[in-house]
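Annotated active site, proton acceptor per TrEMBL: H140, in sequence order. The Zn(2+) binding site annotation in TrEMBL covers C148, C151, C199, C201. The domain 'Deacetylase sirtuin-type' feature in TrEMBL is assigned to 16-292.
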Amino acid sequence: MISNSRNLTSFIPHARQITQEDVQLVSDFMLKSKKLLILTGAGVSTASGIPDYRSKGVGLYARSNQRPMQYSDFLENDENRKRYWSRNFTGWSRFSSVKPNLTHNFIAKLEQLKLLHWVVTQNVDGLHQRAGSSRLTELHGTMHEVICLQCQKIILRREFQDILSKLNPNWTVKSIQTAPDADVFIAENEVMKFNLAKCECGGVLKPNVVFFGGSISKDINEEVRQHVDEADSILVVGSSLQTYSAYRIISRASDMRKPIGIVSIGETRADHLASFKISINCNQLFENLQLSAYS
């Protein structure tokens, strides 16, 4: 029996109802694999209440004209860094309290059962780790760390929140709207009132993530290539694969003739490379996989 329970979050885009054929297709694909690599994107975390960028009707690009800060803009001046950190500081409490959902938990369970070779996630929310995944590469880094661009010292983001709180004791600004990756909308006139923190060495501090316009380190690229080469099949979950860093993973797997399955609402950049593509809610899929193949 298929469960089509609805999640209360407003950040999941509309999708068709899941069918038994969908469940069977993905179940067979996963059970045939001996070294399954799962690539996850923002669509995995929308059910936890974190919006994505591109989903039709509910993503950031559909809801507003606001765009994520480019890396070059962050580096340019203190004004831009105040804009970034004031919003991130305001949104951090909510973002850091978000919990893994059924999809994160199911993927972690696959690892425990030794049915999973590796997870590569485009997400920076840390929810795979919180769910218990350890065979994991965070392709774009993690919002839960802050790094100094000069001395490379790393600070835990929760500790950095305390530092910012002490520098901004009278900050009472409320967010107008939630955006992805701990970003929120706040009134522009409040931004310049925010006091920035610097590293002890005087360097600029940034979240330990790859900004839009930034690049992934050679070490991470090599790590991902190794795991793709070791895998015998790739399952994409909740990603449009619009960023080249994600698309090239699938392109490499396709060149090596590895089976590729895609479970993501809406079109993806790699639909033409997939053995199958189903446009359904991944949380509903894994709920039903729990009820059937893995119960």
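Including glycine, each Cβ sits where the backbone N, Cα and C put it.
Feature annotations (TrEMBL) mapped to structure.
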residue: H140; record: active site, proton acceptor; contacts (Cβ under 8 Å, 6+ apart): Q122, N123, V124, V209, V210, I216, S245
residue: C148; record: Zn(2+) binding site; contacts (Cβ under 8 Å, 6+ apart): I154, I155, C199, C201, G203, V204, L205
residue: C151; record: Zn(2+) binding site; contacts (Cβ under 8 Å, 6+ apart): C199, C201, G203
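Put plainly, the binding-site residues C199, C201 were compared by Cβ crowding within 10 Å, and the winner is C199. Within 8 Å of the centroid defined by the CB atoms of C148, C151, C199, C201, the record's Zn(2+) site, lie the Cβ atoms of L149, Q150, Q152, K153, K198, E200, G202, G203, L205, excluding the listed residues themselves.
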